[in-house]
């Protein structure tokens with residue numbers, strides 16, 4: 001199953017006691033499928049993967065694979081600081097039914113480009129899943145450069161990249177270097193429309209947790225080259241883009257989800273959204289239902 005369009009980087013919903021909330025998880029998956037998303041990421045950084053137990057990881061992934069039922073691709077976050085552990089986690093994801101591994105650059109270690117290349121080649125050779133590279137230097141402390149991506153893209157088991165740098169020049173460099181069959185995804189909601197107009201294949205989104213249809217429509221417009229319409233639609237989503245950047249991900253998006261009845265809170269060391277932002281969270285949550293209804297009508301009409 002190929003990758004393109006809108007993919008949601010899912011949160012992990014917890015209950016009031018901080019335990020994994022399976023019921024809320026299933027409702028979140030159903031919301032995404034009903035909203036027309038074209039893929040889901042399980043246990044990435046938005047999913048607070050670093051706080052999950054192995055048992056929770058297995059339960060989330062297995063239940064998602066069953067619930068999705070082959071309708072859209074399921075990507076599992078498997079990137080860890082060490083190569084051997086990343087390979088092991090990728091094998092674990094494969095055993096649980098994932099279709100792809102989303103592999104972030106090793107956090108905190110800060111390998112050079114040669115080390116990053118060797119790391120990804122080892123995971124691609126030994127992990128048992130097609131690999132989507134994930135570059136987010138603001139969180140990991142290292143930057144996977146386009147020339148290194150170009151070298152890695154020649155491996156048959158390395159099939160794409162989620163690029164979270166908002167730089168237009170970075171995305172254009174990746175597009176210029178990619179081979180056929182290698183997909184380039186924006187990992188930044190606010191600049192994704194521009195990236196897709198330039199030729200990127202889709203968006204791995206945070207805000208689509210609450211607005212799956214709205215971000216599906218965003219991707220559809222951008223990939224169709226509808227520049228006038230995309231500017232207007234992106235402007236409607238701009239407050240959500242800005243809100244999701246008010247604090248560390250996934251603090252803001254989980255505040256919105258809680259307001260629409262999915263999950264409670266985060267796990268330490270993350271704390272809930274500051275009280276000073278509650279009014280804007282309430283205001284945006286009040287807009288979700290109407291915006292999703294409008295988006296659904298536009299998707300059907302298209």
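Note: Cβ is positioned from N, Cα and C throughout, glycine not excepted.
These figures come from a predicted structure and were not determined experimentally.
Residues or ranges marked as active site, proton donor/acceptor in Swiss-Prot: 134. Listed in sequence order, 44, 79, 102, 103, 104, 105, 161, 162, 164, 187 are the same-chain residues six or more apart from residue 134 (active site, proton donor/acceptor) with CB atoms under 8 A from its CB.
Taken from Swiss-Prot, the feature active site, schiff-base intermediate with substrate applies to 162. Note on residue 162 (active site, schiff-base intermediate with substrate): other Cβ atoms within 10 Å of its Cβ, all shown chains, come to 27.
Per Swiss-Prot, the feature pyruvate binding site maps to 46, 204; the stated evidence is sequence analysis. Sequence-distant neighbours of residue 204 (pyruvate binding site) (same chain, 6+ apart, CB under 8 A from its CB) are 7, 8, 9, 41, 102, 162, 185, 186, 187.
According to Swiss-Prot, the feature site 'Part of a proton relay during catalysis' maps to 45 (among others), an assignment based on sequence analysis. Counting Cβ atoms from all protein chains shown, residue 45 (site 'Part of a proton relay during catalysis') has 24 others lying within 10 Å of its own Cβ.
Look at Swiss-Prot and you will find 108 (among others) tagged as site 'Part of a proton relay during catalysis'. Its own atom aside, the Cβ of residue 108 (site 'Part of a proton relay during catalysis') has 9 Cβ atoms within 10 angstroms in the protein chains shown. Reduced to three states, the DSSP call for residue 108 (site 'Part of a proton relay during catalysis') is coil.
Cα spacing between residue 46 (pyruvate binding site) and residue 108 (site 'Part of a proton relay during catalysis'): 18 Å, rounded to the nearest whole number.
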